[in-house]
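Over in TrEMBL, the protein carries these features:
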type	residues	note
ACT_SITE	B:K227	active site, proton donor
BINDING	B:G13, B:V14, B:G15, B:G16, B:V17, B:G18	NADP(+) binding site
BINDING	B:T96, B:K120	NADPH binding site
BINDING	B:E212	L-homoserine binding site
DOMAIN	B:13-147	domain 'Aspartate/homoserine dehydrogenase NAD-binding'
DOMAIN	B:155-358	domain 'Homoserine dehydrogenase catalytic'
Protein chains: 2
Amino acid sequence: MASARQVNIAIIGVGGVGKCFLGQLSQLAKRRPSPKLVLSYISTSKKAVYSSDYAPIDIDDSLSTLAASSQAPLSLPDLVEYLTASSHKAVLIDNTSSQDIAEAYPSFLSRGISIVTPSKKAFSGSYQLWKNIFSAADKSGACMYHESSVGAGLPVISTLHDLVDTGDEVTKIEGVFSGTMSFLFNSFAPTSGSGGKWSAEVKNAKELGYTEPDPRDDLNGMDVARKLTILARIVGLEIESPSAFPVESLIPKELESVASGDEFLARLPEFDAQMDEVKAAAEREGKVVRYVGSIDVATKQVKVGLQKFERSSAIASLKGSDNIISFYTKRYGSNPLIIQGAGAGGEVTAHGVTANLLRVISYA
Amino acid sequence: MASARQVNIAIIGVGGVGKCFLGQLSQLAKRRPSPKLVLSYISTSKKAVYSSDYAPIDIDDSLSTLAASSQAPLSLPDLVEYLTASSHKAVLIDNTSSQDIAEAYPSFLSRGISIVTPSKKAFSGSYQLWKNIFSAADKSGACMYHESSVGAGLPVISTLHDLVDTGDEVTKIEGVFSGTMSFLFNSFAPTSGSGGKWSAEVKNAKELGYTEPDPRDDLNGMDVARKLTILARIVGLEIESPSAFPVESLIPKELESVASGDEFLARLPEFDAQMDEVKAAAEREGKVVRYVGSIDVATKQVKVGLQKFERSSAIASLKGSDNIISFYTKRYGSNPLIIQGAGAGGEVTAHGVTANLLRVISYA
């Protein structure tokens, strides 16, 4: 392998995941002499750093260089041209959750620019965009990797691809796909002890930083629905959108339209009795309630919502905010292949991005 | 991607895993037009099929073609020459557990021939062979993949490589690495109920095909020790051999030298009281006993043997003959990344081989 090989890296987004990724990229670039990893472009939505001769941007200083920069970001078509004009292979790292950037993936991929992203946007929107993205990648040979879009750095997407690509028959996928929902139900309905009131658990989770600023953005189930959409499409189901299957929202109808997350939290105790009854119903069967997503491949049924589980089951025994994903396949028979661990957090999400980048550069 | 690309495949070994792999390869070759997968060599230890012009061997008929063949296998140096003389990229699939073939890996790899194998032999023998193998692969750019050497098709090796290669700090690896030991202890010391007598469980496991013909080949712990050797080396520990760390054998000293597996089984009941005491000691702490392997990276301690676990722990709750592997890392914090599922069996072992082959050909 010639040491002259080089890969140009363009990064958009330096939020929580983006910052962790920069740290991992810095280590990686120091450890691996070949191919040479050159940061050639970095931007937020407001600022950017790049140069017409693709001069390497020092990774360790990139955030302060970016803060001091007076360059505006390139438009997406201009970024495609910028990366294509270099003689080196290029990778776009999209650490945003921007729908606009997601829509532009096909234009990068069709020009041979590989993309790595933890975002769900491109893969859980319209089915047409999904098709456009993967047909563009197929045609050009560019890589489109998004391991961290489901279960953060857990090897969920790569494992599912291996099962499908090697010809196994995936029959069912089931799991806890949201760190927030995991944390809430592990506290609200623990396998031993009685747990707290629902509204208190939601409040506590928000204070600990486990929820979105408005907890309704977790409780509506759409984050889980988007992840299920991605997995279902990988096994070959043509899911039109995350709204194309039943998703149980945990937002009481009466609180859907209250103005703020704070008002929502203030009024949530009015509905504790309803959630207590959900918990009690499970307890009467010796079970606990959990918020899960499942895909039944044969019947093409995808659904997201509350289900009861035996206390001794792997799903019930989950700890903290962990995710768990079970793949039932023909080869694996009655006991599924299970992957479990942290499914959110900056470092583990960035880990999936870095692992994907490693795969891209191994082809360089 | 030009459709003229071709990968020549050479297979040695058509036992249980080899037969399942042929089935998966047949499907794969039909589904993927590019690169063209050409079976160019197939052999047992006694017979082979190949031709000087690398004429494709029909995969579906390959076993009967092999049975009818009067060709002797090529010597390993001649096989290297045969595969190198073709203008196409070549992959050796070693579905044997031959030490001789393992010793020859460096000579294949240094000539650019990639290798995929489920065998542990090459990676759990001398540390010098390990170094020779991976330095040969590094220099030539050939791939050396062996996912199924630990946990069969479970994504254990690839996940550990991703953690290490992306710069995470693996602090501890712990798990149940033997399908046989898993089955034995899940029956002998279940989380609920009292389980059977040890000798009866071993006899039952043998009758169900879960043990080697002589169960002592499982009970000596060396299979687990070999797997731990592989994982420890991947995280950077220079383990000289599987005998370089403590391995607890479950063969009573008095039965180590009895002539046959049958005699061993006949006399095993004499030692049931000892194993009952092991079980009772765990029960007095409210725990169950399991046969596990662990690697403490900081202290470089590798060990294999019996340990007590809380009944609610993931290791205690394992089902059937499943494996479970927990990776504790800096990024994942207190809750490990866990992979669980069948760790033995023809189809799932072949799955790991096929997944590795897919990775090799994606570079072609």
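Just so it is clear, glycine is given a Cβ too, placed from its N, Cα and C backbone atoms.
Those TrEMBL annotations? Automatic predictions, nothing curated.
Structure with TrEMBL features highlighted.
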residue: B:G13; record: NADP(+) binding site; Cβ neighbours (10 Å): 23
residue: B:V14; record: NADP(+) binding site; Cβ neighbours (10 Å): 20
residue: B:G15; record: NADP(+) binding site; Cβ neighbours (10 Å): 13
residue: B:G16; record: NADP(+) binding site; Cβ neighbours (10 Å): 14
residue: B:V17; record: NADP(+) binding site; Cβ neighbours (10 Å): 27
residue: B:G18; record: NADP(+) binding site; Cβ neighbours (10 Å): 23
residue: B:T96; record: NADPH binding site; Cβ neighbours (10 Å): 23
residue: B:K120; record: NADPH binding site; Cβ neighbours (10 Å): 22
residue: B:E212; record: L-homoserine binding site; Cβ neighbours (10 Å): 13
residue: B:K227; record: active site, proton donor; Cβ neighbours (10 Å): 26
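DSSP gives B:G15 (NADP(+) binding site) a coil state; it is part of no helix or strand. The shortest Cα-Cα distance from B:K120 (NADPH binding site) to any of the recorded positions (B:G13, B:V14, B:G15, B:G16, B:K227) is found for B:K227. A 10 Å radius around the C-alpha of B:V14 (NADP(+) binding site) takes in these recorded positions out of B:T96, B:E212, B:K227, in sequence order: B:T96. Other than the site residues B:G13, B:V14, B:G15, B:G16, B:V17, B:G18, same-chain residues with C-beta atoms no more than 8 angstroms from the centre of those residues' C-beta atoms, the NADP(+) site, are B:K19, B:C20, B:F21, B:N95, B:T96, B:G346.
B:G13 (NADP(+) binding site) sits 19 Å from the residue listed as 'L-homoserine binding site', taking the C-alpha atoms as the reference points.
The average per-residue pLDDT of the prediction over the domain 'Homoserine dehydrogenase catalytic' (B:155-358) is 96, rounded to a whole number. Looking at B:G15 (NADP(+) binding site) and B:T96 (NADPH binding site), their Cα atoms lie 8 Å from each other. Cα of B:K227 (active site, proton donor) to Cα of B:T96 (NADPH binding site): a distance of 17 Å.
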